[in-house]
Amino acid sequence: YKLSVSPEMDIMEYCRKEWRGNTPAAKRMRKGYEAVAQKFASIRRIRGDNYCAFRATLFQALSQATQLPRWLQSEDFAMLPENLLSKYDWIKQWQLRQKPGKRMGEISDEIKEYLILLRKKWKNISEIKGPLEKQEACDKLFKNEEEEYSLYEALKFLMLNTAIELYNAEKSGRRVPVFSWLLFARDTSSNPCQLMHNHLNHIGHSGGLEQVEMFLLAYALQYTIQVYRLYKYSTDEFITLYPNDPEEDWPVVTLITEDDRHYNIPVRMCQETVL
């Protein structure tokens with residue numbers, strides 16, 4: 001049995017264990033971890049199975065949630081699969097993780113259940129006042145594989161919905177963020193249907209999130225995802241924000257990556273030391 005989110009470990013202790021050599025890469029990683037350790041005391045390892053970007057982002061968002069995001073409060077939130085299916089027949093080819101090959105016409109109800117589960121869990125955890133109890137509730141949720149993967153299905157579907165909104169906005173001449181052009185400039189995702197077939201349907205199975213999809217996830221959740229990209233230490237990409245021009249009222253979650261493929265999470269912000 002693999003833990004989805006491992007217990008806390010001192011960041012520098014973790015770094016010393018992982019990066020012992022004297023290669024330029026190891027030195028850069030150590031410098032990167034030292035910089036993260038200025039802000040955070042500990043690290044929690046995230047299970048790596050092509051869902052790690054979802055897992056790290058959602059865990060961080062829930063463990064600091066104090067209220068239900070606006071988009072989760074809307075009346076017709078749970079009607080999303082039905083509403084989209086009525087407009088876009090191709091969504092029937094959506095692949096569910098647990099049920100590959102099952103047709104979307106039959107699974108619209110299941111995605112609706114996943115969206116309702118996401119709202120319920122977010123609401124329950126955000127209402128817990130004590131930080132310890134909140135952490136325990138998150139740990140418990142991320143030990144329940146059935147629920148955990150259902151939440152990732154919900155996130156993927158929200159990403160598809162966001163992609164459709166952005167695509168339609170650009171087609172009708174409205175301003176869209178730069179990443180949206182990049183998303184649809186790829187040969188493999190020139191429209192939302194291709195994005196679903198060639199990318200979203202594969203997340204968790206044969207691949208994780210590419211960088212441009214990190215932007216899409218951030219927009220779908222209306223969260224700023226701040227990532228320490230350790231191999232970019234001492235460049236201006238060391239700390240990357242998705243999106244890079246975030247809305248001021250979006251909450252921020254922080255992740256760590258060594259290679260833009262696997263993500264871990266820093267925890268326990270250090271008290272700012274006054275010199």
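Glycine is no exception: its Cβ is also placed from the backbone N, Cα and C atoms.
Over in TrEMBL, the protein carries these features:
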{"type": "ACT_SITE", "residues": "D49", "note": "active site"}
{"type": "ACT_SITE", "residues": "C52", "note": "active site, nucleophile"}
{"type": "SITE", "residues": "E237", "note": "site 'Linear diubiquitin binding'"}
{"type": "ACT_SITE", "residues": "H262", "note": "active site"}
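In this structure the alpha carbons, written CA, of D49 (active site) and E237 (site 'Linear diubiquitin binding') are 25 Å apart. Between the CA atoms of C52 (active site, nucleophile) and H262 (active site) there is a gap of 6 Å, rounded to the nearest whole number.
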